[in-house]
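Visitor: Taken from TrEMBL, the feature repeat 'PPR' covers 57-87, 88-118, 119-153, 189-219, 220-254, 255-285, 286-320, 387-421. Annotation source TrEMBL lists domain 'DYW' at 602-695.
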Amino acid sequence: MKPTPRLREAIDALYSRGTANSESYTRLLLQCVRSNDVVQAKRLQTHMDLHLYQPTDTFLQNRLLHLYAKSGNLSDARDLFDKMSRRDVFSWNAMLSAYSKSGNVEDLRAVFDQMSVHDAVSYNTVIAGFSGNGCSSQALEFFVRMQEEGFESTDYTHVSVLHACSQLLDIKRGKQIHGRIVATSLGESVFVWNALTNMYAKCGALDQARWLFDRMVNKNVVSWNSMISGYLQNGQPETCTKLFCEMQSSGLMPDQVTISNILSAYFQCGYIDEACKTFREIKEKDKVCWTTMMVGCAQNGKEEDALLLFREMLLENVRPDNFTISSVVSSCARLASLCQGQAVHGKAVIFGVDHDLLVSSALVDMYSKCGETADAWIVFKRMLTRNVISWNSMILGYAQNGKDLEALALYEEMLHENLKPDNITFVGVLSACMHAGLVERGQGYFYSISKIHGMNPTFDHYSCMINLLGRAGYMDKAVDLIKSMTFEPNCLIWSTLLSVCRINCDVNNGEMAARHLFELDPHNAGPYIMLSNIYAACGRWKDVAAVRSLMKNNKIKKFAAYSWIEIDNQVHKFVAEDRTHSETEQIYEELNRLIKKLQESGFTPDTNLVLHDVVEEEKFDSICYHSEKLALAFWLIKKPHGRTPIRIMKNIRVCGDCHVFMKFVSKIIRRPIILRDINRFHHFIEGRCSCKDSW
């Protein structure tokens, strides 16, 4: 109920009159309780204190305590409780309720232990407090004590302890409580049925959950939510969508929880249009719905849509939380959109979540993925607390951006801080060794995974080592490492070997790796292309033709290589020899001018890298108009006098000619160029690259 002006006027009149009797205080306080008016209740308490009114029993003060507890006013409840000359079990229960609502579980237990007498309400309040604040084991402990002291459990008790079982995934205890409910003929309420359904679903026992759900007579929205959430959490999004249709047919209106779950289910199924349609039909969207949409878009490769949704959310005056901000920052990281990422960082500061662990870690990752390791380091150093994810983000950021020794130094510092590394940590560490060519050091870190840290090396770790050994020319050791694996090599392992075979022109091992890949993933164009590249590099054009013929016969399509840049918040995408852009004529004119200028400085396009048996003129056109070169030319047209780094992203590995080209350009135009390919960042400054030509 809303506070009423008449109540305020009545208490104003009380202050003007001076003293009051017990009847007046009781009447006014009960009005405060009925209307949930804490402000007027505090005024009434102040009036009683001023006039030294001492009630003859605990009724008035208990009513005040319960009102403060219900409203979450812990300090007011504690002050009143301390002033009370007499207390009964109702007074103590009110304090238990106040501590439960505040989430202060330590004081909740302390108050309970101070009580000389308990009743069923005392136990129910403590059990609900522990269960609702993540202390599930303690909730179950007090449930046992409640039984031992002879108090009868109620539906309220059972809902709390079943929730605790759900959190602990303790289906054995949950079944025992279920049996107790049946034996005592309790559990007729829909709330208990919902709690049972939720417990079985959360514990993965979907058949039992569905059996209960189907037999519920009066299903409410919570009933449907429990079942839909259970299917979602157990990897059955299709069933979620079917159940959602049944719910709508039953005439029940979904709430925000239903919508968030069904949006997640649609995204997991790839039903993006259905998710968008459902989202747009919601009149009042909370931050959970908005965040679910943003995360779903990002997970389905629609990061731009996620950013548009974030802007729309802010325009709707919905306040984002730390999870929302971190998910949007992650979208900026995937797009390598520094401008957008900086803008979201600003919003994080405004909303006061920039020092949150989740947000800070996402910001470190975003700045690293945009090639700005200096900014990533600033965020990292300012973090109030750090976990292994934070350290991993910084270590990987350094490794991806050519700061290999810094990455390894940071790893050693992490160990000094007594933080246990995980599998991701070692991906960053071994990647740094790989890019720096530190074979012996990399081998030491690799063996430390199992010998020192007690973990088993993963496919990613083996891939890094194969890459490190292969790039250093130790092909035999790379193959021996694969043979020593305790599990069957997967596509990642054979793809890595095939990649280093291309670098070393190792036809025999390349053919072996390709054969394995053809068996494991027959419709993937990658192995065919890499094997073809090895043959072409060796001048074996008949074998190149044979591979391409095999691709054609098997109807295997080559994926498109492309590059993109962001200028003035607009993304421009290019493919090799692209002539679809609206400013194509100016782009080619600028690129040809640049090539001519570079040739005068000693640059010669490496037509040997063209993997087709064609005439030299065609090779020249093919190598000179790669997508990243077109993107660079467009940037120079739009920002000819800029001083900030030129940022280019590419979806595959940069070729050798483009790498040399970018080094020459960075020296001539005297501007840094940051090129992110599928493997790492290349920072071209004054004719040098951060990768030290080990790309």
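Note that Cβ sites are derived from N, Cα and C of the backbone, with glycine treated the same way.
Worth saying up front: this structure is predicted, and the values here are computed from it rather than measured.
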Visitor: With a Cβ cut-off under 8 Å, give me the same-chain residues at least six positions beyond the ends of the repeat 'PPR' (255-285) that come close to it.
Guide: 221, 224-225, 228-229, 231-232, 237-238, 240-241, 244, 247, 292-293, 295-297, 299-300, 302, 316, 318
Visitor: Please list the DSSP helix, strand and coil residue counts for the repeat 'PPR' (57-87).
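Guide: Computed counts for the repeat 'PPR' (57-87) are 22 helix, 0 strand, 9 coil.
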Visitor: Give the nonlocal contacts of the repeat 'PPR' (189-219) in its own chain as ranges (CB under 8 Å, at least six residues past its ends).
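Guide: Distal contacts: 155, 158-159, 162-163, 165-167, 169-171, 174, 178, 181, 226-227, 229-231, 233-234, 236, 250, 252.
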Visitor: Using DSSP, how many residues in the repeat 'PPR' (255-285) fall into helix, strand and coil?
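Guide: The composition, in the requested order, is 24 helix, 0 strand, 7 coil.
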Visitor: With Cβ-Cβ distances below 8 Å as the criterion, list the same-chain residues six or more beyond the ends of the repeat 'PPR' (88-118) that contact it, or say none.
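Guide: Long-range Cβ neighbours of the repeat 'PPR' (88-118): 58, 61-62, 65-66, 68-70, 72-74, 77-78, 81, 125-126, 128-130, 132-133, 135, 138, 149, 151.
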